[in-house]
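Trainee: Sharing a structure with you now.
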2 protein chains.
Amino acid sequence: MATGRTHRPATRSRGIPEATVARLPLYLRALTALSERSVPTVSSEELAAAAGVNSAKLRKDFSYLGSYGTRGVGYDVEYLVYQISRELGLTQDWPVVIVGIGNLGAALANYGGFASRGFRVAALIDADPAMAGKPVAGIPVQHSDDLEKIIEDNGVSIGVIATPAGAAQPVCDRLVAAGVTSILNFAPTVLSVPDGVDVRKVDLSIELQILAFHEQRKAGEEAAAGTDGGAPAVAARSESADKGPDGDVPAVMPA
Amino acid sequence: MATGRTHRPATRSRGIPEATVARLPLYLRALTALSERSVPTVSSEELAAAAGVNSAKLRKDFSYLGSYGTRGVGYDVEYLVYQISRELGLTQDWPVVIVGIGNLGAALANYGGFASRGFRVAALIDADPAMAGKPVAGIPVQHSDDLEKIIEDNGVSIGVIATPAGAAQPVCDRLVAAGVTSILNFAPTVLSVPDGVDVRKVDLSIELQILAFHEQRKAGEEAAAGTDGGAPAVAARSESADKGPDGDVPAVMPA
DNA sequence: CTGTGTGAAATTGTTCACAGCT
DNA sequence: AGCTGTGAACAATTTCACACAG
(Lines of atoms letter the chains of each structure in order from A and count residues from 1; the text may use other names and numbers.)
(Lines give C-alpha, C1' and ligand atoms only; values in the text may rest on other atoms or scores of the structure.)
Protein backbone atom coordinates (compact mmCIF):
# COMPACT_ATOMS: atom_id res chain seq x y z
CA MET A 1 0.00 0.00 0.00
CA ALA A 2 3.00 2.23 0.31
CA THR A 3 3.06 2.59 -3.41
CA GLY A 4 -0.60 3.25 -3.81
CA ARG A 5 -1.07 6.98 -3.68
CA THR A 6 -4.46 6.89 -2.17
CA HIS A 7 -6.17 10.16 -2.82
CA ARG A 8 -5.92 11.74 0.55
CA PRO A 9 -5.23 15.21 1.84
CA ALA A 10 -1.61 15.76 2.62
CA THR A 11 -2.18 14.83 6.21
CA ARG A 12 0.19 12.58 8.06
CA SER A 13 -0.41 8.95 8.72
CA ARG A 14 -2.67 7.04 6.43
CA GLY A 15 -5.40 5.22 8.24
CA ILE A 16 -3.56 2.60 10.20
CA PRO A 17 -6.01 -0.14 11.19
CA GLU A 18 -6.86 -0.16 14.85
CA ALA A 19 -5.79 -3.76 15.19
CA THR A 20 -2.39 -2.80 13.88
CA VAL A 21 -2.07 0.14 16.24
CA ALA A 22 -2.78 -2.19 19.14
CA ARG A 23 0.16 -4.36 18.14
CA LEU A 24 2.70 -1.64 17.53
CA PRO A 25 3.57 -1.37 21.23
CA LEU A 26 4.24 -5.09 21.22
CA TYR A 27 6.63 -4.81 18.33
CA LEU A 28 8.23 -1.82 19.91
CA ARG A 29 8.90 -3.70 23.10
CA ALA A 30 10.44 -6.63 21.26
CA LEU A 31 12.55 -4.28 19.17
CA THR A 32 13.73 -2.38 22.22
CA ALA A 33 14.92 -5.61 23.75
CA LEU A 34 16.81 -6.44 20.56
CA SER A 35 18.24 -2.97 20.46
CA GLU A 36 19.55 -3.35 23.98
CA ARG A 37 21.32 -6.50 22.90
CA SER A 38 22.75 -4.53 19.99
CA VAL A 39 21.12 -6.75 17.40
CA PRO A 40 21.36 -4.77 14.15
CA THR A 41 18.70 -6.40 12.01
CA VAL A 42 15.83 -8.80 12.46
CA SER A 43 13.61 -10.78 10.12
CA SER A 44 9.84 -10.68 10.25
CA GLU A 45 9.92 -14.28 11.39
CA GLU A 46 12.18 -13.61 14.36
CA LEU A 47 10.51 -10.42 15.40
CA ALA A 48 7.08 -11.98 15.10
CA ALA A 49 8.15 -14.81 17.37
CA ALA A 50 9.44 -12.32 19.93
CA ALA A 51 6.22 -10.37 19.81
CA GLY A 52 4.00 -13.42 19.86
CA VAL A 53 2.29 -12.96 16.50
CA ASN A 54 2.76 -14.62 13.15
CA SER A 55 5.06 -13.17 10.57
CA ALA A 56 2.47 -12.49 7.90
CA LYS A 57 0.54 -10.33 10.28
CA LEU A 58 3.64 -8.47 11.29
CA ARG A 59 4.65 -7.78 7.71
CA LYS A 60 1.17 -6.61 6.90
CA ASP A 61 1.20 -4.36 9.92
CA PHE A 62 4.50 -2.84 8.94
CA SER A 63 3.30 -2.34 5.40
CA TYR A 64 0.82 0.22 6.75
CA LEU A 65 3.68 2.23 8.14
CA GLY A 66 5.66 2.14 4.95
CA SER A 67 8.45 0.03 3.52
CA TYR A 68 10.98 -0.04 6.26
CA GLY A 69 12.49 -3.44 5.57
CA THR A 70 15.07 -4.72 3.14
CA ARG A 71 14.09 -7.70 1.03
CA GLY A 72 16.26 -10.69 1.60
CA VAL A 73 17.62 -9.15 4.79
CA GLY A 74 15.01 -8.00 7.26
CA TYR A 75 14.44 -4.85 9.28
CA ASP A 76 16.95 -2.48 10.76
CA VAL A 77 16.24 -2.57 14.47
CA GLU A 78 17.16 0.98 15.40
CA TYR A 79 15.38 2.45 12.47
CA LEU A 80 12.21 0.53 13.17
CA VAL A 81 12.30 1.49 16.83
CA TYR A 82 12.39 5.08 15.76
CA GLN A 83 9.66 4.77 13.16
CA ILE A 84 7.27 2.98 15.47
CA SER A 85 7.99 5.34 18.33
CA ARG A 86 7.23 8.25 16.10
CA GLU A 87 4.08 6.64 14.79
CA LEU A 88 2.88 6.04 18.32
CA GLY A 89 3.69 9.56 19.36
CA LEU A 90 6.35 8.51 21.83
CA THR A 91 8.96 10.90 20.62
CA GLN A 92 7.23 13.47 22.73
CA ASP A 93 6.58 13.32 26.43
CA TRP A 94 3.04 12.77 27.65
CA PRO A 95 2.25 14.05 31.10
CA VAL A 96 -0.21 11.74 32.80
CA VAL A 97 -2.24 12.09 35.98
CA ILE A 98 -3.37 9.19 38.08
CA VAL A 99 -6.57 9.74 40.01
CA GLY A 100 -7.29 7.46 42.93
CA ILE A 101 -4.21 6.52 44.87
CA GLY A 102 -5.35 3.38 46.56
CA ASN A 103 -3.58 0.08 46.24
CA LEU A 104 -3.91 0.08 42.50
CA GLY A 105 -3.12 3.72 41.97
CA ALA A 106 0.02 3.32 44.03
CA ALA A 107 0.99 0.26 42.03
CA LEU A 108 0.55 2.20 38.83
CA ALA A 109 2.54 5.14 40.15
CA ASN A 110 5.34 2.78 41.03
CA TYR A 111 5.22 0.98 37.72
CA GLY A 112 8.53 1.58 36.07
CA GLY A 113 7.60 0.97 32.46
CA PHE A 114 5.52 4.05 32.87
CA ALA A 115 8.21 6.63 32.84
CA SER A 116 10.47 4.63 30.61
CA ARG A 117 8.67 5.28 27.40
CA GLY A 118 7.25 8.67 26.68
CA PHE A 119 5.07 8.98 29.73
CA ARG A 120 5.63 11.04 32.79
CA VAL A 121 3.53 10.93 35.92
CA ALA A 122 2.74 14.60 36.28
CA ALA A 123 0.57 14.25 39.36
CA LEU A 124 -1.17 11.87 41.71
CA ILE A 125 -4.63 12.89 42.83
CA ASP A 126 -6.82 11.48 45.57
CA ALA A 127 -10.03 12.53 47.26
CA ASP A 128 -8.84 11.58 50.72
CA PRO A 129 -7.50 14.65 52.55
CA ALA A 130 -5.40 12.36 54.70
CA MET A 131 -3.44 11.35 51.60
CA ALA A 132 -2.62 14.89 50.57
CA GLY A 133 1.06 15.62 50.71
CA LYS A 134 2.05 12.03 51.30
CA PRO A 135 4.58 10.95 48.73
CA VAL A 136 3.85 7.87 46.63
CA ALA A 137 6.58 6.72 44.33
CA GLY A 138 8.34 9.94 45.20
CA ILE A 139 5.48 12.11 44.08
CA PRO A 140 3.33 13.97 46.62
CA VAL A 141 -0.37 13.16 46.39
CA GLN A 142 -2.57 16.18 45.72
CA HIS A 143 -6.15 16.65 46.73
CA SER A 144 -8.82 16.28 44.12
CA ASP A 145 -10.15 19.74 44.81
CA ASP A 146 -7.28 20.97 42.71
CA LEU A 147 -7.84 18.54 39.87
CA GLU A 148 -8.72 21.15 37.26
CA LYS A 149 -5.80 23.36 38.12
CA ILE A 150 -3.38 20.43 38.03
CA ILE A 151 -4.59 19.34 34.61
CA GLU A 152 -4.28 22.81 33.19
CA ASP A 153 -0.97 23.70 34.77
CA ASN A 154 0.63 20.54 33.49
CA GLY A 155 -1.03 20.43 30.11
CA VAL A 156 -2.25 16.94 30.80
CA SER A 157 -4.22 15.21 28.08
CA ILE A 158 -4.10 11.64 29.37
CA GLY A 159 -5.73 10.63 32.64
CA VAL A 160 -5.68 7.33 34.46
CA ILE A 161 -8.66 6.52 36.65
CA ALA A 162 -7.97 4.11 39.49
CA THR A 163 -10.78 5.13 41.79
CA PRO A 164 -13.57 2.96 43.14
CA ALA A 165 -16.34 2.35 40.63
CA GLY A 166 -18.67 4.92 42.09
CA ALA A 167 -16.24 7.78 41.74
CA ALA A 168 -15.13 6.98 38.22
CA GLN A 169 -17.78 8.81 36.21
CA PRO A 170 -17.65 12.05 38.21
CA VAL A 171 -13.87 12.01 38.07
CA CYS A 172 -14.04 11.31 34.35
CA ASP A 173 -16.39 14.24 33.82
CA ARG A 174 -14.06 16.58 35.65
CA LEU A 175 -11.02 15.33 33.77
CA VAL A 176 -12.74 15.82 30.46
CA ALA A 177 -14.06 19.25 31.40
CA ALA A 178 -10.53 20.23 32.34
CA GLY A 179 -9.18 19.19 28.96
CA VAL A 180 -8.24 15.55 29.17
CA THR A 181 -9.02 13.74 25.93
CA SER A 182 -7.71 10.24 26.61
CA ILE A 183 -8.64 8.13 29.57
CA LEU A 184 -7.40 4.82 30.81
CA ASN A 185 -10.04 3.43 33.11
CA PHE A 186 -9.28 0.81 35.73
CA ALA A 187 -12.59 1.17 37.51
CA PRO A 188 -15.16 -1.49 36.70
CA THR A 189 -17.63 0.90 35.11
CA VAL A 190 -18.67 1.95 31.66
CA LEU A 191 -17.67 5.58 31.31
CA SER A 192 -19.60 7.86 29.08
CA VAL A 193 -17.66 10.63 27.47
CA PRO A 194 -18.26 13.21 24.79
CA ASP A 195 -17.24 12.57 21.24
CA GLY A 196 -13.56 12.99 20.63
CA VAL A 197 -12.50 11.54 23.94
CA ASP A 198 -10.90 8.11 23.88
CA VAL A 199 -11.47 5.67 26.67
CA ARG A 200 -9.70 2.40 27.13
CA LYS A 201 -10.52 0.12 29.97
CA VAL A 202 -8.57 -2.40 31.93
CA ASP A 203 -10.73 -4.72 33.88
CA LEU A 204 -9.48 -7.57 35.97
CA SER A 205 -12.76 -9.29 36.51
CA ILE A 206 -13.69 -9.19 32.84
CA GLU A 207 -10.42 -10.83 31.94
CA LEU A 208 -10.91 -13.50 34.56
CA GLN A 209 -14.41 -14.19 33.36
CA ILE A 210 -13.21 -14.66 29.82
CA LEU A 211 -10.61 -17.10 31.09
CA ALA A 212 -13.25 -18.91 33.09
CA PHE A 213 -15.34 -19.31 29.96
CA HIS A 214 -12.53 -21.03 28.13
CA GLU A 215 -11.54 -22.98 31.18
CA GLN A 216 -15.03 -24.34 31.47
CA ARG A 217 -15.08 -25.29 27.86
CA LYS A 218 -11.80 -27.15 28.23
CA ALA A 219 -13.25 -29.13 31.09
CA GLY A 220 -16.28 -30.02 29.01
CA GLU A 221 -14.26 -31.17 26.04
CA GLU A 222 -12.01 -33.23 28.20
CA ALA A 223 -15.03 -35.11 29.46
CA ALA A 224 -16.39 -35.49 25.96
CA ALA A 225 -13.19 -36.99 24.64
CA GLY A 226 -12.31 -40.58 25.28
CA THR A 227 -13.33 -42.56 22.24
CA ASP A 228 -10.19 -41.41 20.56
CA GLY A 229 -7.29 -43.70 19.90
CA GLY A 230 -4.42 -42.02 21.64
CA ALA A 231 -4.35 -40.82 25.19
CA PRO A 232 -2.80 -37.42 24.94
CA ALA A 233 -3.70 -35.47 27.99
CA VAL A 234 -3.97 -32.05 26.52
CA ALA A 235 -6.16 -30.33 24.00
CA ALA A 236 -5.58 -31.78 20.63
CA ARG A 237 -8.49 -29.94 19.13
CA SER A 238 -7.31 -27.78 16.31
CA GLU A 239 -9.60 -25.04 17.59
CA SER A 240 -6.58 -23.10 18.74
CA ALA A 241 -8.60 -21.35 21.34
CA ASP A 242 -6.11 -19.04 22.79
CA LYS A 243 -6.82 -15.44 22.36
CA GLY A 244 -5.39 -12.36 23.77
CA PRO A 245 -7.27 -9.17 24.12
CA ASP A 246 -6.51 -8.51 20.52
CA GLY A 247 -4.22 -10.97 19.07
CA ASP A 248 -3.18 -14.47 19.55
CA VAL A 249 -0.35 -16.07 21.16
CA PRO A 250 1.95 -18.10 19.00
CA ALA A 251 0.22 -20.87 17.28
CA VAL A 252 1.48 -22.97 14.50
CA MET A 253 -1.22 -24.40 12.39
CA PRO A 254 -0.17 -27.69 10.91
CA ALA A 255 -1.79 -26.51 7.72
CA MET B 1 -27.57 -21.02 11.30
CA ALA B 2 -29.06 -24.45 11.50
CA THR B 3 -32.20 -24.10 9.49
CA GLY B 4 -34.33 -26.78 10.97
CA ARG B 5 -33.13 -26.49 14.54
CA THR B 6 -35.35 -23.83 15.99
CA HIS B 7 -35.61 -25.56 19.29
CA ARG B 8 -32.12 -26.21 20.38
CA PRO B 9 -31.59 -27.75 23.77
CA ALA B 10 -30.21 -25.36 26.31
CA THR B 11 -26.79 -26.68 27.04
CA ARG B 12 -25.32 -27.27 23.61
CA SER B 13 -23.42 -24.02 23.32
CA ARG B 14 -21.89 -24.21 19.90
CA GLY B 15 -19.00 -21.93 19.21
CA ILE B 16 -19.79 -18.57 20.67
CA PRO B 17 -17.74 -15.93 18.85
CA GLU B 18 -14.81 -14.67 20.82
CA ALA B 19 -15.96 -11.08 20.46
CA THR B 20 -19.24 -12.04 22.05
CA VAL B 21 -17.58 -13.87 24.91
CA ALA B 22 -15.55 -10.77 25.63
CA ARG B 23 -18.74 -8.76 26.00
CA LEU B 24 -20.68 -11.17 28.18
CA PRO B 25 -18.98 -9.96 31.37
CA LEU B 26 -20.04 -6.45 30.46
CA TYR B 27 -23.65 -7.47 30.08
CA LEU B 28 -23.45 -9.46 33.25
CA ARG B 29 -22.23 -6.49 35.18
CA ALA B 30 -24.99 -4.26 33.87
CA LEU B 31 -27.57 -6.94 34.61
CA THR B 32 -26.28 -7.44 38.12
CA ALA B 33 -26.71 -3.75 38.77
CA LEU B 34 -30.28 -3.93 37.49
CA SER B 35 -30.91 -6.99 39.58
CA GLU B 36 -29.76 -5.17 42.69
CA ARG B 37 -32.25 -2.47 41.93
CA SER B 38 -34.89 -5.16 41.56
CA VAL B 39 -35.61 -4.28 37.96
CA PRO B 40 -37.53 -7.25 36.61
CA THR B 41 -37.08 -6.88 32.86
CA VAL B 42 -34.97 -4.85 30.49
CA SER B 43 -35.05 -4.17 26.77
CA SER B 44 -32.09 -4.67 24.50
CA GLU B 45 -31.98 -0.93 24.04
CA GLU B 46 -31.74 -0.17 27.74
CA LEU B 47 -29.31 -2.92 28.54
CA ALA B 48 -27.13 -2.01 25.60
CA ALA B 49 -26.93 1.56 26.83
CA ALA B 50 -25.92 0.38 30.28
CA ALA B 51 -23.24 -1.85 28.85
CA GLY B 52 -21.95 0.67 26.37
CA VAL B 53 -22.72 -1.16 23.15
CA ASN B 54 -25.45 -0.83 20.57
CA SER B 55 -28.60 -2.84 20.78
CA ALA B 56 -28.20 -4.75 17.55
CA LYS B 57 -24.90 -6.10 18.72
CA LEU B 58 -26.34 -7.06 22.05
CA ARG B 59 -29.25 -8.91 20.50
CA LYS B 60 -26.93 -10.69 18.14
CA ASP B 61 -24.70 -11.65 21.03
CA PHE B 62 -27.62 -13.03 23.00
CA SER B 63 -28.83 -14.92 19.99
CA TYR B 64 -25.73 -17.07 20.25
CA LEU B 65 -26.73 -18.09 23.72
CA GLY B 66 -30.27 -18.95 22.79
CA SER B 67 -33.61 -17.23 22.87
CA TYR B 68 -33.82 -15.82 26.32
CA GLY B 69 -35.92 -12.76 25.61
CA THR B 70 -39.61 -12.18 25.15
CA ARG B 71 -40.67 -10.36 22.01
CA GLY B 72 -42.49 -7.18 22.73
CA VAL B 73 -41.22 -7.20 26.30
CA GLY B 74 -37.50 -7.64 26.71
CA TYR B 75 -35.31 -9.85 28.85
CA ASP B 76 -35.97 -11.17 32.31
CA VAL B 77 -33.10 -9.79 34.34
CA GLU B 78 -32.69 -12.63 36.84
CA TYR B 79 -32.95 -15.27 34.21
CA LEU B 80 -30.38 -13.62 32.00
CA VAL B 81 -28.01 -13.15 34.91
CA TYR B 82 -28.21 -16.84 35.51
CA GLN B 83 -27.81 -17.85 31.88
CA ILE B 84 -24.80 -15.63 31.29
CA SER B 85 -23.22 -16.69 34.57
CA ARG B 86 -23.62 -20.27 33.57
CA GLU B 87 -22.27 -19.66 30.10
CA LEU B 88 -19.21 -17.95 31.55
CA GLY B 89 -18.71 -20.74 34.02
CA LEU B 90 -19.36 -18.57 37.03
CA THR B 91 -21.79 -20.89 38.68
CA GLN B 92 -18.83 -22.75 39.93
CA ASP B 93 -16.06 -21.37 42.05
CA TRP B 94 -12.65 -20.87 40.50
CA PRO B 95 -9.74 -20.92 42.85
CA VAL B 96 -7.09 -18.48 41.69
CA VAL B 97 -3.51 -17.94 42.76
CA ILE B 98 -1.73 -14.65 42.48
CA VAL B 99 2.01 -14.87 42.03
CA GLY B 100 4.08 -11.83 42.82
CA ILE B 101 2.79 -9.85 45.76
CA GLY B 102 4.29 -6.48 45.13
CA ASN B 103 2.29 -3.33 44.82
CA LEU B 104 0.22 -4.69 42.01
CA GLY B 105 -0.24 -8.17 43.43
CA ALA B 106 -1.44 -6.66 46.68
CA ALA B 107 -3.83 -4.41 44.80
CA LEU B 108 -5.22 -7.41 42.97
CA ALA B 109 -5.55 -9.40 46.18
CA ASN B 110 -7.48 -6.55 47.72
CA TYR B 111 -9.67 -6.05 44.70
CA GLY B 112 -13.18 -6.79 45.81
CA GLY B 113 -14.79 -7.64 42.51
CA PHE B 114 -12.50 -10.59 42.59
CA ALA B 115 -14.21 -12.68 45.16
CA SER B 116 -17.63 -11.33 44.34
CA ARG B 117 -18.17 -13.32 41.24
CA GLY B 118 -17.07 -16.89 41.01
CA PHE B 119 -13.44 -16.34 41.86
CA ARG B 120 -11.70 -17.11 45.08
CA VAL B 121 -8.16 -16.16 45.91
CA ALA B 122 -6.83 -19.52 46.96
CA ALA B 123 -3.30 -18.37 47.64
CA LEU B 124 -0.80 -15.56 47.34
CA ILE B 125 2.68 -16.53 46.32
CA ASP B 126 5.88 -14.54 46.38
CA ALA B 127 9.54 -15.32 45.91
CA ASP B 128 10.66 -13.05 48.73
CA PRO B 129 11.18 -15.07 51.93
CA ALA B 130 10.57 -11.91 53.94
CA MET B 131 7.01 -11.83 52.63
CA ALA B 132 6.22 -15.38 53.67
CA GLY B 133 3.58 -15.52 56.34
CA LYS B 134 2.69 -11.88 56.09
CA PRO B 135 -1.01 -11.47 55.48
CA VAL B 136 -2.15 -9.46 52.50
CA ALA B 137 -5.86 -8.87 52.17
CA GLY B 138 -6.23 -11.31 55.01
CA ILE B 139 -4.43 -14.09 53.22
CA PRO B 140 -0.95 -15.17 54.30
CA VAL B 141 1.64 -14.98 51.56
CA GLN B 142 3.33 -18.28 50.79
CA HIS B 143 6.77 -18.82 49.42
CA SER B 144 7.16 -19.74 45.79
CA ASP B 145 9.09 -22.87 46.69
CA ASP B 146 5.73 -24.41 47.46
CA LEU B 147 4.07 -23.24 44.26
CA GLU B 148 3.47 -26.69 42.80
CA LYS B 149 2.05 -28.06 46.01
CA ILE B 150 -0.25 -25.07 46.42
CA ILE B 151 -1.59 -25.43 42.89
CA GLU B 152 -2.25 -29.11 43.32
CA ASP B 153 -3.70 -28.95 46.80
CA ASN B 154 -6.15 -26.29 45.79
CA GLY B 155 -7.00 -27.59 42.36
CA VAL B 156 -6.08 -24.26 40.84
CA SER B 157 -6.48 -23.89 37.11
CA ILE B 158 -6.26 -20.10 36.84
CA GLY B 159 -3.11 -18.21 37.72
CA VAL B 160 -2.44 -14.50 37.86
CA ILE B 161 1.10 -13.36 37.25
CA ALA B 162 2.01 -10.02 38.82
CA THR B 163 5.74 -10.50 39.03
CA PRO B 164 8.46 -8.38 37.46
CA ALA B 165 8.95 -9.06 33.77
CA GLY B 166 11.99 -11.22 34.25
CA ALA B 167 10.27 -13.66 36.53
CA ALA B 168 7.12 -14.05 34.48
CA GLN B 169 8.15 -16.79 32.06
CA PRO B 170 9.73 -19.07 34.68
CA VAL B 171 6.72 -18.61 36.94
CA CYS B 172 4.44 -19.29 34.00
CA ASP B 173 6.31 -22.49 33.19
CA ARG B 174 5.99 -23.71 36.74
CA LEU B 175 2.30 -22.85 36.89
CA VAL B 176 1.63 -24.69 33.67
CA ALA B 177 3.68 -27.69 34.72
CA ALA B 178 1.67 -27.83 37.92
CA GLY B 179 -1.60 -27.90 36.04
CA VAL B 180 -2.67 -24.32 35.49
CA THR B 181 -4.34 -23.90 32.10
CA SER B 182 -5.39 -20.25 32.15
CA ILE B 183 -3.12 -17.36 32.90
CA LEU B 184 -3.74 -13.70 33.36
CA ASN B 185 -0.46 -11.92 32.83
CA PHE B 186 0.24 -8.46 34.19
CA ALA B 187 3.94 -8.61 33.51
CA PRO B 188 5.08 -6.76 30.39
CA THR B 189 6.29 -9.86 28.61
CA VAL B 190 5.07 -12.21 25.95
CA LEU B 191 4.58 -15.55 27.60
CA SER B 192 4.98 -18.70 25.66
CA VAL B 193 2.84 -21.58 26.68
CA PRO B 194 1.98 -25.00 25.34
CA ASP B 195 -1.10 -25.58 23.27
CA GLY B 196 -4.24 -25.71 25.29
CA VAL B 197 -3.19 -23.04 27.74
CA ASP B 198 -4.92 -19.66 27.51
CA VAL B 199 -3.07 -16.49 28.23
CA ARG B 200 -4.59 -13.06 28.50
CA LYS B 201 -2.48 -10.04 29.15
CA VAL B 202 -3.12 -6.77 30.84
CA ASP B 203 -0.53 -4.21 30.04
CA LEU B 204 -0.55 -0.66 31.23
CA SER B 205 2.10 0.67 28.94
CA ILE B 206 0.54 -0.85 25.86
CA GLU B 207 -2.75 0.82 26.68
CA LEU B 208 -1.06 4.14 27.24
CA GLN B 209 0.78 3.85 23.97
CA ILE B 210 -2.43 3.20 22.11
CA LEU B 211 -3.95 6.26 23.73
CA ALA B 212 -0.88 8.29 22.82
CA PHE B 213 -1.29 7.28 19.20
CA HIS B 214 -4.83 8.59 19.09
CA GLU B 215 -3.90 11.62 21.12
CA GLN B 216 -1.20 12.48 18.66
CA ARG B 217 -3.58 12.07 15.79
CA LYS B 218 -6.07 14.39 17.42
CA ALA B 219 -3.40 17.02 17.83
CA GLY B 220 -2.49 16.69 14.18
CA GLU B 221 -6.05 16.97 12.99
CA GLU B 222 -6.71 19.92 15.19
CA ALA B 223 -3.82 21.71 13.56
CA ALA B 224 -5.04 20.72 10.13
CA ALA B 225 -8.59 21.80 10.85
CA GLY B 226 -7.39 25.24 11.71
CA THR B 227 -10.30 27.36 10.70
CA ASP B 228 -13.06 26.47 13.06
CA GLY B 229 -12.75 28.19 16.37
CA GLY B 230 -12.58 26.19 19.51
CA ALA B 231 -12.89 22.58 20.20
CA PRO B 232 -16.21 21.17 19.12
CA ALA B 233 -16.99 21.17 22.79
CA VAL B 234 -19.57 18.50 22.97
CA ALA B 235 -21.68 16.17 21.02
CA ALA B 236 -23.86 13.34 21.94
CA ARG B 237 -22.24 11.42 24.70
CA SER B 238 -21.29 8.38 22.85
CA GLU B 239 -20.48 5.43 24.96
CA SER B 240 -16.88 4.74 25.53
CA ALA B 241 -15.21 4.97 22.22
CA ASP B 242 -13.72 1.59 22.46
CA LYS B 243 -11.22 1.12 19.76
CA GLY B 244 -9.80 -2.01 20.89
CA PRO B 245 -10.42 -5.05 19.56
CA ASP B 246 -11.57 -6.02 21.78
CA GLY B 247 -13.04 -6.74 21.92
CA ASP B 248 -11.41 -5.89 22.49
CA VAL B 249 -10.76 -5.28 23.64
CA PRO B 250 -10.84 -4.54 23.94
CA ALA B 251 -9.58 -5.26 26.77
CA VAL B 252 -6.94 -3.89 28.52
CA MET B 253 -5.08 -3.27 27.18
CA PRO B 254 -6.94 -5.60 24.57
CA ALA B 255 -4.17 -5.28 24.80
C1' DC C 1 18.28 -17.52 -2.93
C1' DT C 2 16.08 -15.12 0.90
C1' DG C 3 12.70 -12.68 3.07
C1' DT C 4 9.78 -8.40 2.27
C1' DG C 5 5.59 -6.38 0.56
C1' DT C 6 1.05 -7.10 -0.99
C1' DG C 7 -3.05 -8.44 -3.81
C1' DA C 8 -6.58 -11.75 -3.13
C1' DA C 9 -9.04 -15.18 -0.41
C1' DA C 10 -10.82 -16.56 3.90
C1' DT C 11 -12.46 -15.56 8.24
C1' DT C 12 -14.43 -12.91 11.81
C1' DG C 13 -17.15 -9.22 13.48
C1' DT C 14 -20.76 -5.42 13.00
C1' DT C 15 -24.78 -3.23 11.31
C1' DC C 16 -29.11 -3.23 8.89
C1' DA C 17 -33.70 -4.04 8.45
C1' DC C 18 -37.57 -6.66 8.96
C1' DA C 19 -40.29 -11.05 9.80
C1' DG C 20 -42.60 -12.92 13.45
C1' DC C 21 -43.87 -13.55 18.53
C1' DT C 22 -46.28 -11.94 22.43
C1' DA D 1 -47.81 -2.10 18.84
C1' DG D 2 -43.37 -3.14 20.48
C1' DC D 3 -39.27 -5.63 20.74
C1' DT D 4 -36.74 -9.84 19.92
C1' DG D 5 -34.23 -12.89 16.81
C1' DT D 6 -31.79 -13.31 12.64
C1' DG D 7 -30.68 -13.64 7.66
C1' DA D 8 -28.15 -10.84 4.66
C1' DA D 9 -25.16 -6.85 3.55
C1' DC D 10 -21.23 -4.74 4.92
C1' DA D 11 -16.73 -3.89 7.17
C1' DA D 12 -12.57 -5.20 9.41
C1' DT D 13 -8.94 -8.40 10.14
C1' DT D 14 -6.20 -12.37 9.29
C1' DT D 15 -4.07 -15.61 6.41
C1' DC D 16 -2.29 -17.25 2.06
C1' DA D 17 0.89 -17.46 -1.42
C1' DC D 18 3.90 -15.54 -4.48
C1' DA D 19 6.08 -11.76 -7.31
C1' DC D 20 10.09 -9.45 -6.94
C1' DA D 21 13.89 -6.59 -4.81
C1' DG D 22 18.39 -7.00 -2.91
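Backbone N, Cα and C define each Cβ position, glycine as well.
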Trainee: Between B:26-65, B:146-185, which stretch does TrEMBL give the note DNA-binding region?
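Mentor: Here TrEMBL associates DNA-binding region with the stretch B:26-65.
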Trainee: Sort the residues of the DNA-binding region (B:26-65) into helix, strand and coil with DSSP and give the three counts.
Mentor: 30 helix, 2 strand, 8 coil
Trainee: Neighbour count, 10 Å Cβ-Cβ cut-off, for B:G102 (NAD(+) binding site): what number do you get?
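Mentor: There are 16 of them.
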Trainee: Using DSSP, how many residues in the domain 'CoA-binding' (B:89-190) fall into helix, strand and coil?
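Mentor: Counting residues per DSSP class in the domain 'CoA-binding' (B:89-190), I get 37 helix, 29 strand, 36 coil.
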Trainee: What binding-site residues from B:G100, B:I101, B:N103, B:L104 have a chain A Cβ less than 8 Å from their own Cβ?
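Mentor: Correct list, in sequence order: B:N103, B:L104.
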Trainee: What residues, ordered by sequence, lie under 8 A Cβ-to-Cβ from B:G105 (NAD(+) binding site) and sit at least six positions away in the same chain?
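Mentor: Correct list: B:I98, B:V99, B:L124, B:D126, B:V136, B:V160, B:A162, B:T163.
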